[in-house]
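As annotated by TrEMBL, compositional bias 'Polar residues' applies to 15-24. The feature domain 'Major facilitator superfamily (MFS) profile' is assigned by TrEMBL to 45-462. Marked as region 'Disordered' by TrEMBL: 1-27. What TrEMBL lists as transmembrane segment is 45-63, 84-104, 110-128, 170-191, 203-226, 313-330, 337-356, 368-388, 400-419, 431-453.
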Amino acid sequence: MSDVLEKSPAAAASESHTPSDQQLPQPPFDKAAEGRILRKLDFKVLPILWLLYLVCFVDRSNIGNAKIQGMDQELNLKGQKYNVAVFVFNIGYLIAGVPLSILFKKTGPKSLAIMMFCWGITVIGCGVTKSYGGLIVCRLLEGMAESAYVPGAAYLIGSYYKKDEFLKRYVVFFSAGICAGAFNGFLSSLLAKMDGVSGYRAWRWIFIIEGCITIAISILSFFFIVPFPEDCTFFDAEDKALLLARLKNDGGAVVHDPPSTKRILGFLKDWKIWAAVLIYLGGAENANSITSFQPTILKGIGYTSSGAQVRTIPVYLVAAVYSITLAYTAEYLRRRYLFCMIGFATIAVGLIVEIAQPHAAGVRYMGLFFMTAGAYLVMPLSVVWIAINVGKGYKRTVALGAIVCWGNAGAFIGTNVFLKSEEPKYHTGFSTGLGLACIGMVAATVMFVGTLLGNKQREARRKELPEVLDEGSVEDMGENHPDFRYSL
């Protein structure tokens, strides 16, 4: 049976502590009560996930800051060794992303805190390792431990909000990654002053201090991460019933039978997932390149190590404002495709500037603003776009795991085309990023046309069926139910 007719898992919960369908309020709902519920959700669900993602992003990107503080010299990172240390993180993503996303769905949201504790240990390991091999092992394990955090957080946010509320909340959550880029540059510039303390170079303190912060926050966060909606305890009975009712009214049915290998492989045959992976890839490759190489680029065009760290801050802050503003506009207009294309166009402007003006420091710095802003608009848009077009339940879990983990394969590409011999021009790297942005635009167009045609087919089929379909037929037809409509 299909798993993908739009509805929250809460809507289909059958546990005794959850109100039955007969007990749920019926539309139209009290707007004031809905507003009260949304305000409470925004306070309970988003802040802790935002904080954890900020820490997550700091931990994954601090290798770029550590490099220019002496890591490459002490660990003898000659040739492409640094690039390998960057992309091995994403091998961990590819290996563990989908399996851990499924485990998250089975064990519940508090597993996110456990994942965070584990990756905090690996970050400290990066700081105390004595060899290049140790760095590689720690980065691989860090990637595995982090791999399900973003898909899991996205699933949890989407389970509490309706389709037309999801993107606005997700882009706020995703902005933590952008703010982390700014915060990381500032924090790294401070930790650089610890160079020589206890006999450790500054780059080691970057990893050690940030890893300790991660572990401390993971322990505290365990008590603040909310459960799935059907198990939430922060609403009274009346408000919880309204929460579940509005989610149920937002779509159809979700099947809760345990996933099997056959079902998971069946989910992955959905062309929409692979189109979304390519869209995400077009943004993620450029975002990963910025994360890993921006300090090196800035240092290479004339700034000092500390100056390069500090100059990353405004790049990320501008990207945060740009992505949130345009994502809110996309949600208001309900035009995800249009704003994906705007995001890719913004990336392309930045890349063309980097390619055309390799010697103009100020112009190249401007290009980084465009690249970063566009990339951090495309990525959250693509995640939410696929999430609301495959429904909820295990199929959404698999789809989110696939797009985030396999879409991040862009790091493999980025780290192998940003060649040390071309530093700091990186002509091959920026040209490849431009090509992937173009592929992302094509994939977004395919997604738009495919879902548009799909909606027309559903409208035609709906005319041939009774006006009112009983609940059993809805569950039997799943995603093929003609009342289901793809979001454009």
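Just so you know, glycine gets a Cβ as well, placed from its N, Cα and C.
A contact links the transmembrane segment (45-63) to the transmembrane segment (203-226), because at least 3 Cβ pairs that are 6 or more residues apart lie under 8 A. Using a cut-off of 8 Å between Cβ atoms, the transmembrane segment (84-104) and the transmembrane segment (400-419) share at least three residue pairs, counting only pairs 6 or more apart in sequence. Between the transmembrane segment (368-388) and the transmembrane segment (313-330), three or more CB pairs separated by 6 or more residues in sequence fall under 8 Å, so the two stretches touch. Ranked by Cβ pairs under 8 Å to the transmembrane segment (337-356), the stretches 170-191, 203-226, 313-330, 400-419, 431-453 are led by 431-453. Taking every listed stretch (110-128, 170-191, 313-330, 400-419, 431-453) in turn, the largest tally of C-beta pairs under 8 A with the transmembrane segment (203-226) is reached by 110-128.
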